[in-house]
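Here's the structure, in structure tokens; my notes come after.
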């Protein structure tokens, strides 16, 4: 095991999957200015609780690697690639609509959830520290789909010692992330700069990460070899190419359709508001 490489992988995967969470943390720290039950301590505890649940769910990948060959599990690396495509489509549609670059759409949705908590029925639940902790944890989990989709295939390709390194580094970086969010909250110009460019780089970071997982696992060469061993004409390369292309194109087409429907629904809502 390459200790330095394991630490580098842990640092890069954490940063890629938690860029949007930095903005969510800033939102919570902003809330401490007026909400006495939301303190930096409660935010920290809630963040660690939510992240612990995300990490536990992601351990499913390591569990699968104990009962299945590691190579085919590497196909889960396609998930981060699709996550990157999803974010890229969000950026593309926002540019078509003439909207400025900003945090990814799922981040804005998470911030809207946080805003609803302040003014809606959740506000009644946040009278004490425990409720504030669970509020932060809940938002962290709701915003953790990207983390699970990335960590699960990564853990499936790791050995026991690598898993330990990943988890330890993740928890150390989480503390640094919380501190960074608190510092960013004090520097508004840095926050605006990050909001402007994060949405541009995040999609490509996810695609690169997914590609790394797929290549590292050698899932395609392994599958091609298995197919060629069973069929004398050795069509493994063609079969894997066609299956992968059809699967990816189907997923991408579905995501385009979902994005387009969302854009159409927003346009209709805007027209109704203007008519009123």
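Glycine residues also receive a Cβ, built from the backbone N, Cα and C atoms like all the rest.
Within the same chain, residues 76, 133-134, 136-141, 144, 147-148, 151-158, 163, 167, 170-171, 174 sit at least 6 positions outside the transmembrane segment (48-68) and bring their C-beta atoms closer than 8 Å to a C-beta of that stretch. Here TrEMBL flags 48-68 (among others) as transmembrane segment.
For the transmembrane segment (75-96), the list of distant contacts is 61, 102, 104-105, 146, 149-150, 152-153, 156, 199-200, 202-214, 216-217, 219, 247-248, 251-252, 255-256, 259-260, 263: same-chain residues at least six beyond its ends, Cβ to Cβ under 8 Å. For 75-96 (among others), the entry in TrEMBL reads transmembrane segment.
Using a Cβ-Cβ cut-off under 8 Å and counting only residues 6 or more beyond its ends in the same chain, the transmembrane segment (163-185) has close neighbours at 3, 6-7, 9-11, 13-15, 18, 21-22, 25-26, 28-30, 40, 43-44, 47-48, 51, 55, 59, 62, 151, 154-155, 191, 194. TrEMBL lists 163-185 (among others) with the feature transmembrane segment.
With a cut-off of 8 Å between Cβ atoms, the residues of this chain six or more beyond the transmembrane segment (197-215) that come close are 12-13, 16, 19-20, 23, 74-88, 90-91, 94, 101-104, 146, 150, 153-154, 157. Under the heading transmembrane segment, TrEMBL lists 197-215 (among others).
Taken from TrEMBL, the feature transmembrane segment covers 235-258 (among others).
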